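Right, one structure below, let's go through it.
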Amino acid sequence: MGVTMAVGLAKAAMGKISSAIGERSKRISGAMNEPRRKRKILLVIVCIAMLLDNMLYMVIVPIIPNYLETIRTYKLVYITTPSNGTNGSLLNSTQRAVLERNPNANEDIQIGVLFASKAILQLLSNPFTGTFIDRVGYDIPLLIGLTIMFFSTITFAFGESYAVLFAARSLQGLGSAFADTSGIAMIADKYTEESERTQALGIALAFISFGSLVAPPFGGVLYQFAGKWVPFLVLSFVCLLDGILLLMVVTPFASRTRENMLQGTPIYKLMIDPYIAVVAGALTTCNIPLAFLEPTISNWMKKTMNASEWQMGITWLPAFFPHILGVYITVKLAAKYPNYQWFYGAVGLVIIGASSCTIPACRNFEELIIPLCALCFGIALVDTALLPTLAFLVDIRYVSVYGSVYAIADISYSVAYALGPIMAGQIVHDLGFVQLNLGMGLVNILYAPALLFLRNVCQMKPSLSERNILLEEGPKGLYDTIIMEERKAAKEPHGSSSGNHSVHAVLSDQEGYSE
């Protein structure tokens with residue numbers, strides 16, 4: 001009897017606990033699916049994905065050269081030592097194993113190709129991933145990217161040969177093509193207000209910068225004291241948590257009506273758009289100094305200023321703070337003066353060019369920090385000003401689907417980071433470090449005037465379609481007419497009769513509309 005009552009009480013208690021947990025889960029789910037809160041959670045998920053991708057990109061900097069030196073540039077050989085008898089005759093011999101350096105192993109080429117393989121595969125994959133994102137939305141590609149990055153990180157943790165590490169690095173490039181493009185496109189899609197979009201993309205850029213700058217000391221410390229696998233396992237665990245959080249917020253594989261989704265513009269059409277091409281060129285140009293300096297500046301510091309290991313290890317760390325400052329300033333300026341995004345980008349290119357030309361003149365670590373900080377400040381200006389401009393260009397010229405246009409942005413970054421590890425060392429060897437920096441600086445300064453081409457586009461207000469600004473024609477089709485009428489009505493003060501225009505009136509009004 002007592003046992004039966006105890007079982008009954010236990011069942012009742014379990015039922016209450018289960019009911020309470022279910023109710024709490026519903027509340028949490030409801031709170032997470034509240035539109036504004038869900039948008040913020042998705043921003044956090046995307047920022048974590050950006051952080052992980054850039055940490056995985058840079059965490060190998062202090063690890064791989066030392067690890068490859070161990071597994072590839074030394075080979076195990078056996079040396080035979082003869083033992084002579086008392087009368088000088090050879091009685092026996094002994095063998096001992098020693099590590100002998102392999103003179104034929106080209107470490108620089110191996111490391112350069114390994115570093116560049118991620119950007120190369122990312123560059124090749126982006127045209128396809130951009131189209132895929134436009135077709136299926138942003139959540140599924142983001143989940144695919146996080147999954148690929150998880151397996152790439154696990155492979156890095158336990159890989160012991162150059163071939164396995166190369167495969168893991170290339171696999172990360174494929175994951176980045178999905179995660180980076182879909183993540184940035186998701187932010188542009190969720191934050192439609194220009195000032196909010198610029199701020200959200202600025203936050204994502206801050207996480208990208210933080211991941212790139214904090215990863216080398218993070219990886220170096222854990223590698224030295226805990227082993228090669230520890231930093232990669234930590235990153236894979238965070239990647240897993242980010243994927244789980246994404247599944248809690250969205251249901252990527254739930255049934256949905258694809259026929260109601262907007263059809264994005266093909267990526268090849270976006271690539272030949274002159275405005276988008278100018279922005280893409282600026283994104284590539286501004287990242288060339290960073291991509292080419294990362295593999296070469298340490299050796300130059302060692303030869304020129306006899307820099308210590310810790311100085312070379314934290315070379316880029318102080319630059320994180322001016323990068324954040326650049327993001328903050330650009331976001332504030334864009335909110336107050338949104339029509340001058342092109343100007344902020346042009347100023348950033350000039351700062352990058354001047355900083356790059358100044359670097360070879362530095363003779364100690366303290367002097368070097370100043371141009372490096374200015375360099376990252378300029379990059380922040382360019383990225384924060386021009387990434388939202390890509391979404392704006394798609395909004396006013398095409399359909400507001402952002403997968404392909406941010407695939408183009410990712411291609412722009414990948415071009416710089418694919419060429420840097422492979423070409424930078426050879427350029428320094430053939431021409432010199434000074435000539436490399438002067439060339440990069442000159443390219444950035446000369447490209448800045450090209451952003452004047454965006455001046456007229458940036459003057460357009462987000463509520464206007466480019467069809468009646470640049471092409472001087474009215475909206476085509478009933479959908480365009482209704483949208484334009486609604487947008488104009490929203491801009492008119494209360495009491496205006498603009499909301500009662502007929503289709504004919506709207507068409508007539510817009511054919512002669514200029515602002």
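Backbone N, Cα and C define each Cβ position, glycine as well.
The N-linked glycosylation site feature in Swiss-Prot is assigned to ASN84 (among others).
For ASN87 (among others), the entry in Swiss-Prot reads N-linked glycosylation site.
Here Swiss-Prot flags ASN92 (among others) as N-linked glycosylation site.
For ASN306 (among others), the entry in Swiss-Prot reads N-linked glycosylation site. Look at ASN306 (N-linked glycosylation site): DSSP puts it in coil.
According to Swiss-Prot, the region 'Disordered' annotation covers 489-515.
Under the heading topological domain 'Lumenal, vesicle', Swiss-Prot lists 62-112 (among others).
The topological domain 'Cytoplasmic' annotation in Swiss-Prot covers 134-139 (among others) and rests on sequence analysis. Under 8 Å from some Cβ of the topological domain 'Cytoplasmic' (134-139) lie the Cβ atoms of residues 182-183, 185-186, 189, 246, 250, 252, 258, 261, 263-265, 401, 403-404, all in the same chain and six or more residues away from its ends.
Annotated topological domain 'Lumenal, vesicle' per Swiss-Prot: 161-169 (among others), in sequence order. Residues 60, 64, 68, 71-72, 110, 113-115, 117-118, 152-153, 155 of the same chain lie 6 or more positions beyond the ends of the topological domain 'Lumenal, vesicle' (161-169) yet place their CB under 8 Å from a CB of it.
For the topological domain 'Cytoplasmic' (191-201), the residues of the chain that approach it from at least six positions outside its boundaries are 39, 43, 184, 330-331, 334-335, 338, 384, 387-388, 391-392, 462, judged by C-beta separation under 8 angstroms. As annotated by Swiss-Prot, topological domain 'Cytoplasmic' applies to 191-201 (among others).
Annotation comment: Swiss-Prot describes 223-229 (among others) as topological domain 'Lumenal, vesicle', evidence class sequence analysis. Counting same-chain residues at least six beyond the ends of the topological domain 'Lumenal, vesicle' (223-229), those with a Cβ under 8 angstroms from any Cβ of the stretch are 62-63, 66-67, 157-158.
Sequence annotations record features per position, and here Swiss-Prot assigns topological domain 'Cytoplasmic' to 251-271 (among others).
Annotation source Swiss-Prot lists topological domain 'Lumenal, vesicle' at 293-310 (among others), citing sequence analysis.
What Swiss-Prot records for 332-341 (among others) is topological domain 'Cytoplasmic'. Under 8 Å from some Cβ of the topological domain 'Cytoplasmic' (332-341) lie the Cβ atoms of residues 194-195, 198-199, 384-386, 388-389, 454, 458-459, all in the same chain and six or more residues away from its ends.
Look at Swiss-Prot and you will find 363-367 (among others) tagged as topological domain 'Lumenal, vesicle'. On the 0 to 100 pLDDT scale, the model's mean across the topological domain 'Lumenal, vesicle' (363-367) is 88.
Taken residue by residue, the topological domain 'Cytoplasmic' (389-404) breaks down under DSSP into 11 helix, 0 strand, 5 coil. The topological domain 'Cytoplasmic' annotation in Swiss-Prot covers 389-404 (among others), and the record cites sequence analysis as its basis.
Summarising the annotation, Swiss-Prot assigns topological domain 'Lumenal, vesicle' to 426-432 (among others). Among residues of the same chain six or more beyond the topological domain 'Lumenal, vesicle' (426-432), those with a C-beta under 8 A of the stretch's C-beta atoms are 292, 296, 299-300.
Fewer than three CB pairs closer than 8 A are found between the transmembrane segment (170-190) and the transmembrane segment (230-250), and contact between the two stretches is not assigned (pairs 6 or more residues apart). Residues of the same chain lying 6 or more positions beyond the ends of the transmembrane segment (272-292) and with a Cβ under 8 Å from any Cβ of it are 345, 348-349, 352, 355-356, 375-376, 378-379, 382-383, 386-387, 389-390, 393, 397, 405, 408-409, 411-413, 415-417, 419-421, 423-424, 427, 436-437, 440-441, 443-444, 447, 450-451, 453-454, 457. By the Cβ criterion (distance under 8 Å, sequence gap of 6 or more), the transmembrane segment (405-425) is not counted as touching the transmembrane segment (202-222), fewer than 3 such pairs being found.
Under 8 Å from some Cβ of the topological domain 'Lumenal, vesicle' (293-310) lie the Cβ atoms of residues 61, 111-112, 115, 316, 359, 362-365, 368, 420-421, 424-425, 428, 433, 436-437, all in the same chain and six or more residues away from its ends. Broken down by DSSP into helix, strand and coil, the topological domain 'Lumenal, vesicle' (363-367) contains 3 helix, 0 strand, 2 coil.
For the topological domain 'Lumenal, vesicle' (426-432), the DSSP counts in helix, strand and coil order read 5 helix, 0 strand, 2 coil. Within 10 Å of the C-beta atom of ASN306 (N-linked glycosylation site) sit 10 other C-beta atoms, taking all shown protein chains into account.
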